[in-house]
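Heads up: the structure comes next, in structure tokens.
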Amino acid sequence: MTFIEEFIYKGYLHQCTDLDQLTAITQEVKIAAYIGFDCTATSLHIGSLMQIMILRLLQKHGHTPIVIIGGGTSKIGDPSGKEVTRKALTQEDIKRNTAGIKKSLSKFIKFGKDQGDAIILDNAEWLDSLNYLDFLRDFGRHFSVNRMLTMDSVKLRLERSHHLSFLELNYMLLQAYDFYYLSKHYNCILQLGGSDQWGNIVIGADLIRRISGKEVFGMTTPLLTTASGAKMGKTAAGAVWLNEDLLSPYDYYQYWRNCEDADVIRFAKLYSELDIIELNKFEHLVSEDINAAKKQLAYELTKLCHGERLAKLALETAVRIFEQGDIDENLHTFILAPEILQAGISAYKLFYNVNLARSKSEARKIIRGKGAKINDQLVEDENMTIDTNFLLDKKVIKLSVGKKRHILVKV
């Protein structure tokens with residue numbers, strides 16, 4: 001398959017400015033294409049995973065992926081998809097977050113100076129030195145405020161009478177300038193992003209045509225949710241981070257292992273590099289095969305993110321916990337102050353304190369519903385006192401909620 005054919009097959013395509021022409025160009029020559037990431041956290045999470053897999057796909061087909069870290073634009077904040085103004089980031093925040101995002105990306109993409117290697121740039125390199133008056137004179141006249149106000153990211157805020165600062169309105173101008181800069185200095189002809197970026201991408205492509213007469217393209221990916229409608233990248237316990245200092249490889253594995261049955265085939269196409277033969281097997285699964293497919297999916301995706309060794313360790317840990325009933329120290333661990341167990345703590349409070357319940361009342365409800373276990377024994381009394389007598393040989397207490405949520409409490 002060509003790049004565009006595989007792009008469509010895997011389910012990445014939502015919109016394209018001129019798909020036929022872009023298809024023809026990518027079949028004739030190798031192109032440079034870019035995706036931007038703002039520095040809003042110290043790691044990317046799986047909400048960005050589709051964009052990362054697209055960068056890998058570009059590299060696979062011999063095209064040059066360009067990654068833009070938004071060290072400059074993060075000082076403003078993208079209003080796309082947001083109903084409120086984002087909190088401003090300090091220079092220290094941006095520096096710390098940039099390092100973490102580079103770590104996330106380096107798990108998946110080969111950066112370097114050889115042909116086909118990905119390029120990583122920080123748009124602060126050119127945005128920080130922009131002269132405002134020169135920018136207004138040379139570029140401001142090419143932007144239509146009328147058109148900007150029709151963009152979904154702006155229109156949503158205005159329709160709901162939510163505050164939209166002039167600073168945020170400038171975000172799309174700077175993103176358009178990013179595209180222009182990359183087109184001029186790196187011969188980049190394609191910008192990719194989520195569906196909420198369509199307006200910003202089109203404005204950038206239009207700016208390039210007006211100034212240089214060059215034809216460039218934009219493509220967006222669909223907004224992804226799980227089969228039940230939950231937003232990708234978020235769980236009740238928090239974000240599904242790519243960096244292991246924020247989420248263990250085991251917990252990453254378990255997220256994919258516990259995905260909904262209806263999502264298995266789609267996730268395999270979107271996020272794995274299984275070949276077509278393997279993917280076709282996924283499409284013809286019968287109900288009794290679904291758990292085996294989930295294990296394979298979880299293993300493949302964990303291997304992509306954390307490497308083969310840690311993926312195997314996560315798989316082995318899951319087998320011991322769920323299929324053999326052993327306690328494994330690679331399970332997620334919560335450190336409890338020794339004096340708490342020495343004094344004793346009610347069972348429902350312990351489940352709440354280690355984040356297995358969102359509130360004390362929920363913890364009580366779980367126990368009353370026969371959904372809580374301590375050291376694999378059902379908890380009958382929500383008020384029973386848990387103390388040092390519950391510590392096992394490894395000086396841990398195993399807490400479980402249902403069949404899939406487990407934690408080791410250490411003192």
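Note: Cβ is positioned from N, Cα and C throughout, glycine not excepted.
Cβ neighbour count for TYR34 (L-tyrosine binding site): 25 (other Cβ atoms within 10 Å of its Cβ, all protein chains included). Positions annotated as L-tyrosine binding site by Swiss-Prot, on the basis of sequence analysis: TYR34, TYR171, GLN175.
If you take every residue in the motif ''HIGH' region' (39-48) and average the pLDDT, you get 92. Annotation source Swiss-Prot lists motif ''HIGH' region' at 39-48.
The motif ''KMSKS' region' annotation in Swiss-Prot covers 231-235.
What Swiss-Prot records for LYS234 is ATP binding site, and it gives sequence analysis as the kind of evidence.
Residues or ranges marked as domain 'S4 RNA-binding' in Swiss-Prot (evidence: sequence analysis): 345-411.
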Cβ packing number for GLN175 (L-tyrosine binding site), 10 Å threshold: 27
Cβ packing number for TYR171 (L-tyrosine binding site), 10 Å threshold: 24
Secondary structure composition of the motif ''HIGH' region' (39-48) [DSSP: H/G/I, E/B, coil]: 3 helix, 1 strand, 6 coil
